[in-house]
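The structure appears right after this line, and notes come after that.
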Amino acid sequence: MRILLASAAAALMATTSALAQQAPAPILTTPEARDVWTHAEPEVARVTHVDLDLRADFAAKTLSGTAALDVLAAKGAKQIVLDVDDLAITAVTDGAGKPLPFAVGADSPDLGAALTIQLKGARRIVIAYATRPDASALQWLAPELTAGKAKPYLFSQGQPINNRSWIPTQDSPGIRQTWTAKLTVPAGLVAVMSGERIDGAQGQPAANGERSYRFRMDKPVPPYLIALAVGDLAFKATGPRSGVWTEPSQLDAAASEVADVEKMIDAAEALYGPYRWGRYDMLVLPPSFPYGGMENPTLTFLTPTIITGDRSNTDVVAHELAHSWSGNLVTNATWSDNWLNEGFTTYFENRIMEAVYGAERAAMYADLDWDGLVSDIKDAGGDAAPTTRLHGEPGETAGQLDYFKGSTFLRTIEAAVGRARWDAYLRAYFDRHAFQPQTTAGFLADLRKNLIRGDAALEAKLQLDRWAYQPGLPDNAVHVTSATLAQVDAKLAAVKAGGPVSAVQPQGWSTQQWLRFLNGLPRAQSPARLRELDETLGLSASSNAYVRSAWAELAIANRYDPALPSIRGLVTSVGRGLLIRPVYEGLMKQGDWGQPIARAYFEAARGGYHPNTAAQVAKIVQQ
């Protein structure tokens, strides 16, 4: 056993040393690449590698241990500035153990604090620290909040700037870092991370009956992509380079739902070049996971709400896979340009769906994205609203416009230049900028140099600057329509005209067809009509969280009390913000009827929400 432990430790040390010797990833120093969401000064001194050695304490709800950081400093640099968020720091030393002076600056509610360390010539610094129980990136789940109800669970969510609450580093998407980690966890639990597993699925024995797991990421990544999860986890392969992790009771259903992932990887590679991350595994998390998915390299995190038994929500898998190129390979340098991650990925996702499932299914998703685009612009205040720009203040883009407007922009370019030319450009673009940050200005410059090439007529036709920097929707926007959704629209029109709901006959409908129908219904409905909709279509009893959420919005708009048990069940069992935020927002718009309900439901549910979701909903219900 000692031989095994020594061998694993030696392997990790060798890996860490090799990664430290890699040429560091480039940073951008142009004005538009200045990240206002970090305290870091990367042009003075920056982190190139992170080596974590942490222990998970479920009783205390803390991670504790060390982060050893390799530093690249400019000539004459005296200090390095890191991002931290409420970490309990006990010591900072150089690589030889010599103490280094450090200071933690004033805390900001949004950005955390600056940790300034005097380098004194050090090129490796070691920080001993512990997280707080309420660290914004971490959710500690009691056993009763898991599927198995027997063992606790921990997972992280770093995007956009939450990882500074568990890793002291330069938490900016433009400062890419390699990393290694040892994670020690209680006996009976399994640890997974967003990197290559070094010592097997079972880990190695550690003190007090615990087990240690080791991981590495030998490609430089933005720090928000460092992720972990610990729980009662099992694995099932879905192909030669893919598989799914989740709790044992969910494993077969999860594996069945994502069984097409190998086809998706093949399709993505055929479009835009090789998949560069080794394995593509997925982790289906407990219901409190706040997003549809998170594109952590080698280990995509997925919401369980996509598991509906009909694979109609595999677009989420395609989306997170597409991030392996747009977002993970080429990354927005700052969160002012989030559309470079999400708009590109939404477009790429749709191309994967078309390749795997056909043009009509892809058209359904694109048509619904258009609905979302129009709705988001309307909700933001119309075409003149500044929050409808692609490049803007970080975190202030309306709704999902980064996704919808960004993908429509790229689809419009495709229509103008032709698919073959556009695909050749994009494939080369990912190669040119692989493992580098990017800005809107940088992308437009690349477009002009490598695609437009001085063609004044094409430049005028595309309206690049209007798309990127101006609010609203340019008049050359391409709208893809779906014949399948047109059939739904016909049934919707009949219901709007007073026809019976029984004529809808939604048997076999996908999630997308349900959403088109429910979101298209007029918001004002009589109690009798709502009862007919619910009883005929089984809306309150639906096992599809997307359907339940859309039904909840309609019921709330009409103060329909019979739907309240279903609504309460939704918000207390699902933590995905996309599905529950609109419910709370709708309740808060209903004055004396809805506001007490919203606050009561939140109090009942908040213990099962991720800290990010809880904070978002708290802002809604405290209005």
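Glycine too: its Cβ is placed from the backbone N, Cα and C atoms.
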Co-listed Zn(2+)-binding residue [TrEMBL; alongside His319, His323] among Glu342, Glu354: Glu342
Mapped DSSP class for His323 (Zn(2+) binding site), helix or strand or coil: coil
Whole-number Å value for how far Tyr403 (active site, proton donor) lies from Glu320 (active site, proton acceptor) (Cα to Cα): 13
Cβ atoms near Tyr403 (active site, proton donor) (within 10 Å, other residues, all chains): 25
Cβ-based neighbourhood (8 Å from the centroid) of the Zn(2+) site, residues His319, His323, Glu342 excluded: Gly293, Glu295, Glu320, Ala322, Ser326, Gly327, Asn341, Phe344, Thr345, Thr346, Phe348, Glu349, Tyr403
Neighbouring C-beta atoms (10 Å sphere around the C-beta of His323 (Zn(2+) binding site)): 25
Glu342 (Zn(2+) binding site) to Tyr403 (active site, proton donor) - Cα separation in whole Å: 5
